[in-house]
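A.B. asks: Straight out of Swiss-Prot:
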- 11-231: domain 'Glutamine amidotransferase type-2' (DOMAIN)
- CYS11: active site, nucleophile (ACT_SITE)
- SER294, ASP356, ASP357: Mg(2+) binding site (BINDING)
Amino acid sequence: MFNYSGLNEECGVFGIWNHPEAAQLTYMGLHSLQHRGQEGAGIVVSDQNELKGERGLGLLTEAIKDDQMERLKGYQHAIGHVRYATSGNKGIENIQPLLYHFYDMSVGICHNGNLINAKSLRQNLEKQGAIFHSSSDTEVIMHLIRRSKAPTFEEALKESLRKIKGGFTFAILTKDALYGAVDPNAIRPLVVGKMKDGTYILASETCAIDVLGAEFVQDIHAGEYVVINDKGITVKSYTHHTTTAISAMEYIYFARPDSTIAGKNVHAVRKASGKMLAQESPVKADMVIGVPNSSLSAASGYAEEIGLPYEMGLVKNQYVARTFIQPTQELREQGVRVKLSAVKDIVDGKNIILVDDSIVRGTTIRRIVKMLKDSGANKVHVRIASPEFMFPSFYGIDVSTTAELISASKSPEEIKDYIGADSLAYLSVDGLIESIGLDYDAPYSGLCVESFTGDYPAGLYDYEANYKAHLSHRQKQYISKNKHYFDSEGNLNV
């Protein structure tokens, strides 16, 4: 099976302007975004004269140590990044923010997401003489900015943003301003907050604003960029060719439950999805349990709707990184054994409804079902609070091949047998859309559900040929039976 090259990320970005402890607050903000990436972190700081940065591999506490933080003190502006990346792209050179020193200015830049035309842009830039120092998509936009003929940095940024495709947010720092930008579909979230002293904050999630005691100001919407400087804050559009398609996986899995995306609290959405799942797929049992942590809200909703007790049948070791975003399959499988254990006294002899947020590869849920049955569970009915994860994601989630997706080749009945469950049911696409409750005048009410439908709102670009060449029979069947709203370049099909 062909493996798509490229750097698929699910990361967290943070920025702050005009605070005497900018680096320290950035560190705190990144700590609240640690769930978005555990393989590296970095901070770039700025004042009126210079930019400097520190970065490292591992969790934030491993990547940026006390002596590094000391070197970042005394600066008023900062951006920061926590990173997840596919294996093979884990070197220090790819840890963000990337920092560039040019003859006329210095720039720090970091991003969350994936640029689906980065490969072709990179090839064209190299033909023009560009030299790349990392394999990160982020470096592509820096080359585009520097090669622009636009008269100002802001104009060059706007011009460059129009050339890149995919799901992304950027945080960019110069000595003059802090910039943030969101893709034309708002697939990846970016929010603005304000502290009591007037300091502005940029972050991937509202939880990073809340942790600093700041107030939420606004979401940055599809095709918008924000400029924060000593004059204040300005939000502008760099393109009017926009269709809102916020990643459903942000609500389902990635975001913290205390975050709010497009006005919808993540915990409330997950609980609503559990209730909807119970309405769509009830089953007789003694109790409901959830897979910690991202499934607990949905499990509580399912239990409440069906009128069963919600029990803690699984306990998680909170100090083990999340398995879905571990870079290799071997590490993911080892991680399940280390991080979860069944509570035997709770599950022994019981018929259990096990709620999980998604089935991607199937390995994790298979081990959990076995763990519960080994601990004495009589029956385990699996309920998934999202639709079948049938199609690759190219917008910033590390699932970019059909071969990785169990639902691409197996039916729910076949997956039920594979994971050893007594029954298996998924939330419908319509049920997911209703549970999240967005009301944009856009396909899927403003959600990006590409992994469940094969409908890609930002298009496919560099991935198109190989994606189409490796569609499974089951994927082709789904596509032939269901309406698609977007073409391969992300244009709306009229």
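The backbone N, Cα and C atoms fix where each Cβ goes, and this holds for glycine too.
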A.B. asks: Which chain neighbours of the Mg(2+) site, leaving out SER294, ASP356, ASP357, have a Cβ atom within 8 Å of the mean position of the site's Cβ atoms?
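C.D. replies: Result: ILE252, TYR253, GLY290, VAL291, SER295, ALA298, VAL355, SER358, ILE384, ALA385, SER386.
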A.B. asks: Including all protein chains shown, what's the count of other C-beta atoms within 10 A of the C-beta of SER294 (Mg(2+) binding site)?
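C.D. replies: Here the count is 23.
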A.B. asks: Around ASP357 (Mg(2+) binding site), how many other C-beta atoms are within 10 angstroms of its C-beta?
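C.D. replies: The Cβ of ASP357 (Mg(2+) binding site) has 27 Cβ neighbours within 10 Å.
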A.B. asks: Within the domain 'Glutamine amidotransferase type-2' (11-231), what mean pLDDT does the predicted structure show?
C.D. replies: 96
A.B. asks: Cα-Cα separation of CYS11 (active site, nucleophile) and ASP356 (Mg(2+) binding site), in Å?
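C.D. replies: About 22 Å separate the Cα atoms of these two residues.
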A.B. asks: Counting other Cβ atoms within 10 Å of each residue's Cβ, which of the recorded positions CYS11, ASP356 comes out lowest?
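C.D. replies: Taking CYS11, ASP356 as the recorded positions, the minimal 10 Å Cβ count falls on ASP356.
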A.B. asks: Work out the three-state DSSP category of ASP356 (Mg(2+) binding site).
C.D. replies: strand
